[in-house]
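The structure under discussion appears below in the form of structure tokens.
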Amino acid sequence: MPVYTPQSGSLPEYSKMKLLYFSNELPKDDLQGLFRRLYNHSKDRRYPLLARFIHEATLAVREEVRQLPTAVKALVPAFETVLNLADYPELRKGPLGGSLEGVLLCVLEIATLIGHVPRLYFKEAADCCSYYENASERFDLHAVSTYLAGLGLGLLSTAAVALCSALADVPVIGAEVVRVSFRLGTLVDEISQNLEPRDTSGSPDTWASVVPGAKVEEVQAELDAIHAREKTPQPSKIFISAWNEGSVTISGPPSRIRRVLRLSEFFRRHRVVSLPVYSGLCHAKHLYNEQHAREIISTRSMDSINALYSPAIPVYQTSTGRPFTASTAKGLFEQLVLELLTQPILWDNVVQGVVDQAYATSATSCDVLVFRISVPINDLRTALGSKLQGFETSTEELIPWILQKSDMEIPRGTAQSKIAIIGMSCRMPGGATDTEKFWELLEQGLDVARKIPADRFDVETHYDPKGKRVNTSHTPYGCFIDEPGLFDAPFFNMSPREAQQTDPMQRLAIVTAYEALERAGYVANRTPATNLHRIGTFYGQASDDYREVNTAQEISTYFIPGGCRAFGPGRINYFFKFSGPSFSCDTACSSSLATIQAACTSLWNGDTDMVVAGGMNVLTNSDAFAGLSHGHFLSKTPGACKTWDVNADGYCRADGIGSIVMKRLEDAEADNDNIIGIIRAAATNHSAEAISITHPHAGAQAYLYRQVMSSAGIDPLDVSFVEMHGTGTQAGDSVEITSITDIFAPITKRRSAQQPLHIGAVKANVGHGEAVAGVTALLKVLLMYQKNAIPPHVGIKNSLNPLFPKDLDKRNLHIPYQKVPWPRVKGKKRYAVVNNFSAAGGNTTVCLEEPPLRETDYVDPRTAHVVNVSAKSKISFKKNLERLVAYLDANPDTSLASLSYTTTARRYHHNHRASVAATDIAQVKKKLLSYIDKVEAHKPIPATGPPQVAFAFTGQGASYKSMNLELFHHSPYFRSQLLHLDALAQGQGFPSFIPAVDGSHEKDYAHSPVVTQLALVSVEIALAKYWISLGVKPNAVVGHSLGEYAAFHVAGVLSASDALFLVGRRAQLLEEKCQIGSHKMLAVRAPLADIEKALEGTNYEVACINGPKETVLSGSQAQVEVVSEILQSVGYRCTSLDVAFAFHSSQTEAILDDFEEAAKDGVLFRAPNMPVISPLLGKVIFDDKTITAKYMRRATRETVNFLSALEMAQTFSTVDEETVWVEIGPHPVCMGFVNATLPAVNETVASMKRGEDNWVTLCNSLTALHCAGVPIEWNEYQRPFEKGLRLLDLPTYAWNDKTYWIQYNGDWALTKGNTFYDAEKSLKAQQTGQLASVPSGLRTSTVQQIIEESFNGSAGKVVMQSDMMQPDFLDAAHGHKMNGCGVVTSSIHGDIGFTLGGYLYKNLVKGGKAPDMNMANLVVLRGLVAQKNTKKPQYIRVTISTTDINSGVAELIWQNVLNDNTADEPFASASILYDDAALWLKSWIPSTHLVQGRIEALERLAEDGIANRFTRNMAYLLFANNLVDYAQKYRGMQSVVLHELEAFADITLSTEKSGTWTIPPYFIDSVAHLAGFVMNVSDAIDTKANYCVTPGWKSLRFAKPLVAGAKYRSYVKMIQTEEDPTVYLGDVYIMQDGAIIGMCGGIQFRRYPRILLNRFFTAPEEAGAISHAAASSTPAPRTKPEPVPVATPATAAAPVAQSPAAPASVTPAPAPAPAPGPTPAAAPAAAGESDSVAAKALVLIAKEAALELSDLTDDASFANLGVDSLMSLVIAEKFREELGVTVTGSLFLEYPTIGDLRSWLLEYYN
């Protein structure tokens, strides 16, 4: 038979005849099972057209259902796909029976055809995929010898083939067939019901019966006689709808058929048989006409199909046996429908038509394709055989394809994926600290309920069985986790304080998440599915007991992040650096399983690729016990939940934490994960029809089960275990068993003896964990899969609940009173269902499938393996070692290869490390035990980061004649690199070097120098790339002699092709021009100076100076022999090197010219991408000029001074003592040189060793590198062998647990809320800060309310209060943004000062002319930042006063107003000097020409390109990028010319009108903030690392008013002060029309590290919440006090850091570079330091972070101690208050370890 290929363009044509027959009957077997299998096939990637057809058909049916009358529409249940309609057989007996019968028949036949067609031609699944990819091509059924036939509604299905030009067309046309069948059914029902209404009281009646053995003429005569006698109306007459030689079918209204059959002797004689036709009449010409047919097919979709398709394959009419004659798609549909409605079925005519066709075409055979063999097909085969001599007929059934099970399941997309559970962990009541202990508890049938333990609350005072005492529990029982406070805080980077304040359930959630991930073999970014951006966390939590009760007793720093639910999964995401979603879900009792369903949905939607999910519950709040008691939820009697017991009286509350890890199944399989269970489907619904919100509803539960089973594509009878919700309440248990039996053990369709169903409920063992209940049940089922057993149910203490069905045995449903085996069954899968219901009405159900078996006979070819153990603490390190040894003792047959894979590629690696290389398990145990013995002396890898790595490339002296490299044979990457290099070499005309490395020759076989040298360099290049692929990347390289070529390639100097060319060409020249063996090389174990002394007067050459005592000499053979004899005679060891030529000697001179010429021609030398240590030059090369053809010439001839090169590299810090050296070559030689030259070097390792298996050498080196802190890509190392390796379920991390627990004290939970104080008015007044105002006419945008004023003679005082949140004030502040927040610029202070100064003067000097004012000596100690909450006021208070106005001076102070309406300490001060502007103008005249001269000089510098000129937009863009983002009205500078710290600007003031001002702040700022621009934009300041702000000025005065729209020019030059290099001073001159009209004199700027910007400029939520302590002024430091960063033009005042107890001062003490870290020691170390500031500081740190002083070793980092940013601010404030040490929160970033901080404190504060 020809085979279709994509290239052929169409399916092959056949000479034989083909007939495709569509039946009119649905299969008699399990229809639901067939549709379920179709659904599963549609989820497979190999059947995209099947999925599309089902989708299109579903849409078509839904559209038709929408158009039904309301009453009929209500009969149709919600359906996910059209396939779901098979689940409702009762619908096929009602008004939609005909429609649904037709829909299901057409769907089944067309879907089967789509799935089966490729298998008519292809055996392999891959070929089927290829077929579908080319489905747009024509397929075989369109050959000219193909015909279609059908009976009844099957005739409609023929259109799906007849109209299609390609298989890809079938889904759309097939969906139209389904639509037409639905419409045909509704029409037939409507017409038929007009003849005889449906009898709904009993079983449906038939509309057709068959009369066997009768002749059509006799039947028609009898009917005619009866109709005449009965005077039957024409529409109601019984008629003949079909006949053949052996029978006649009559049709008509059911009651009339019954009457005829009862009264007619003729029909009684023929034993009439009723047909299952319940939906009305077809084949009735007297009832239907062409108009009916056109009504059925008149749809918009039909018009679209008619435009695209036309009939291509003939279809036989069932009445005449001739093909339909339609030429259009619409015409064919109309003829098909009309045939069904009006024409009788004469199958004999169809048979004759096929016979005639075969005869006419001289066909000798016919392939008949049928869905199932039936009587019409047998008639056809008989006729063909009898009427056509020698005619062969073959028949193939299509339905069996549906029943086939594929060996390969490929989901079509993520939505069709199964979900694999790959890791799990738990903490459960009864001491179940892991899943194994949990199983032991279940297996033993334990009930772990007990009295409420004392660490929760005092049960004696909080329990009242009578329920009379307020707020008490009615039960004293529960199921509890042992010691829920245990936690390894340092592991999770949490301080003891934070750990103590964090909810224990959230702590245990992150612990179990880690354990589940560890068991899942999770390593971040190891595979696409473990990409950190694609991992999410989902946890269910339904209570906040610990936050509400325990931590609420003394609210502190971590009350919110430690207790609020969102932080649980959020903390897991943060710790693991997952960037996917984190959800905390509360659906009451179903929280965890509903959350797991949400997690599955995330995977199905493709939102995530891996999820960590679970639930958590730790009970500490007596209120919940009381509330549930009063709600009648809880059992009052001892024991866990009495599930299914006659005396069940409520549930028993329980703790629990459970975590699982999930991926899509295909990802888990690709990632080589252990699959411990599979989720096939999950869903949630709500018991909306229940009698109350807390009451269950059997109907809702049953509906949910159907939905889940349908989505899973699983027959409910195939489910063998249901884990029920089973809380032990009378209502809940009885309702749930009703819904379970209805769906999973129905009485109508019973389970076979081979299909037992067991039920269980874990709450009988460990109680109801509420939010954790669902995942607890899920873990139980996963353990059942692992253990192949069902644990006993222990909830029935007395007898079974009488509300349970009495026929459980008949239903084959069993309660396991004892442990029951649950083995795997070959060829079948174990399915289980887990239920989890919510007290709030939600129902969640998950369908599980057993994990697949994995078998392999793979043998890892590697002879040695690496096993790693690590931990974050020494205690855990020892425990982890001990656990692994114990595991190996218990599992002596453990695969070493899989153990290595698990502990390297599938584990995180912490700083305490053990790494062993071994060839068997016994060796592993021995080496691990040696680690345990030395654990106290073990040192962790440094926390400073991985060490530098240097590659040393071996020269030819280390090479051996023929190698047999195991890496070449077993490492695909290494092998491919060598083969690529060999191809490059051969491409340049050199011989292959592979025979020198593949073991094809004996080891002593001598290859040519060309092959030998090419092999050496290529092996080194391949080795280097292999190391780099394993994550070992060099920071520097050095090559010895020939090894330099490989080094140059790795450093990027030479391409691989050029390196091989140079090596090969050099070897060729040596072969051509030098005699092999004429010269020798001699290695001497002696310093060069000693050799020179011993050989004085002897001829020799120095080839290599390898080390202090390692020298290589060269010369002619005779010379070398003489030299060797002399040196040996004086005691020096000499070794003759086995090399063909004497390199680096005069022998090579013959090739130098030719070699240099070759190197010049076509070889490209590039700049190195890393330092290259040159043994030729004895220096480190960084540039692209040094390594040239000349260099290569010199390197060939001149001495290799390896010693000098290494010493120089160390001198220039290219390498140091911490550098790790990797020798790249076939045998380690250079390592000895390195160790001799740099004796303190960290580690030296080899790549290969002569005579040692490559894998043994490599493993030993990998262990050394790993323990040195080099980050190895273990996954890359194991990847080539991964499919044969298994992830072992090794012991999880051994925690260094300590108890962190805040005990609930007393009984305040019982007595709360009984005393109230009516302080509403007082509180409101405090909150609004309102004070009685003094009548005053003064009100501006910044001076809003005068709250106090007094005038006594020449003395006076005015106090104003303003709300910064008022629109104009807030707008002014937001016009000057720093770090994204509005900051009050000093120009606003200026406006306030001038306003109050004028008001004070006018009230003290009546009628006098107001003088001009100079606002002098402004000092701002702390900045003023607009708060975030604009709905609450933010008040400031400013006071101006004078003791004598005649003195011409008034004093100003600024204060914040606190929540209690008191004023804080002053944060700013200034003076108003009353003066005469005329005097100012006169005094400025001498300065005018000087200023003008500097402006002109700047202009010239700008013209010469020396100074920078900025446009307005550019200037303010730079300003915004560096510090201040000004609003438009502040942007007065139109252009700026800047050179170093000098600048001038042309200014136009804004004309925008907003607010009421004395001098608008944006006017002052525009003319003065040039100084800020200079300090924050000039390249004379390191603006990247620093920013500058001003604490004030000496004077601010304007001789003329600033006018909107007017033009001005400002000039400033800032000068660095001598006494403090961080402070700059300057005068800003404001000019108009060439004259100075204003001045901001003595403006000061201070430079601050940019890292402090967030610290100083962050908007508080509510500024008034800052405490007095936080806002108080800074205590005087040891040096001259300096104001903190504040604002004036161009910047803003530094606010108090807005956090609890933030320090007021932010001026850092000097911060020199930290000294090298001392060796770890408990701090303080020195005896004399006990009273030092440093010692007190450490005590304070320990106290605040709840640490022991012994924890504060010098090498301990604050990050690892849990001192986060929040804690840093708290400690910084304590330093200021208690030690007088003013620091910032960033101090712990600048000095990251205890030792760094201690050294700084000792230096500056002792």
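Any Cβ shown, glycine's included, is placed from N, Cα and C.
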Per Swiss-Prot, which of 311-369, 665-723, 1668-1726 is region 'Disordered'?
1668-1726
So of HIS725, HIS768, which of the active-site residues has the fewest other Cβ atoms within 10 Å around its own Cβ?
HIS725
Three-state secondary structure, which DSSP defines for HIS725 (active site, for beta-ketoacyl synthase activity):
coil
Neighbour tally for CYS589 (active site, for beta-ketoacyl synthase activity), based on other Cβ positions within 10 Å of its Cβ:
28
In the region 'C-terminal hotdog fold' (1506-1654), how many residues does DSSP assign to helix, to strand and to coil?
35 helix, 68 strand, 46 coil
Between CYS589 (active site, for beta-ketoacyl synthase activity) and HIS768 (active site, for beta-ketoacyl synthase activity), find the distance joining the two CA atoms and give it rounded to the nearest Å.
8
In the domain 'Carrier' (1728-1805), how many residues does DSSP assign to helix, to strand and to coil?
49 helix, 3 strand, 26 coil
PLDDT averaged over every residue in the region 'Malonyl-CoA:ACP transacylase (MAT) domain' (951-1270):
94
Cα-Cα, whole number of Å: HIS768 (active site, for beta-ketoacyl synthase activity) versus HIS725 (active site, for beta-ketoacyl synthase activity)?
9
